[in-house]
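**Student:** This is the structure I want to talk about, given as structure tokens.
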Amino acid sequence: MDSRNEARVSNHSEVLAEDERKKLPTNWEARKRQADWLIDDSKARAEAEAKGLDYNRVKLMKVSAAEADRFDKLKSKKKNADPGFSDYEAQTARQYNRLIKTMEPRDLVKYEEQKAQYGDAFYGGPNVVLQGMHKDSPGAIDKMVKDLEQQIDKRKKFSRRRTHNDDADIDYINEKNARFNKKLERFYGEHTAEIKQNLERGTAI
């Protein structure tokens, strides 16, 4: 067979192979790589178990420090530290954890003294009246007041709703249009100020 026929046959086989590849799903190569990895992983696990070794430890021995660091960084990026509001129970838990961070460590000597002083009433119960048994120190009261004032100040600074200006010109038909107009004004306001003034005066050409 001469070289021309060989080239024709190899070209035809390449065309057929490419046509077969086109018929496969778009993620076929990734799925094949994953399947191969799973097969190799199960084989290595079986070999390690046959030798009586912990496969997870064996696998980690082959991972370099740089790769481990890269995996940790990827995991920390994926993990959202502040998921935001999910439900009221989670919100209460977040608020509680945030407040106890500011608390001073417990005075264990005072704790034991109070425990001895109150006896069984120290832990409370359904038939225990705690009213008048404990008196808060002035320092503790001042601290609570300061904390409440800080919370009030923080709430005052935080506001989702923008204040409405009654004196501003109404150039919108709904809230969405108002936001769009503000965006236009921010980007093109300096260029269109003269045209707007001419339109308001009625002198625009």
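Note that Cβ sites are derived from N, Cα and C of the backbone, with glycine treated the same way.
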**Student:** Please find, within the list 1-27, 82-108, the residue stretch that TrEMBL describes as region 'Disordered'.
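**Tutor:** Matching range for region 'Disordered': 1-27.
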**Student:** Under an 8 Å Cβ to Cβ limit, what residues of the same chain, 6 or more beyond the ends of the compositional bias 'Basic and acidic residues' (1-11), are close to it?
**Tutor:** none
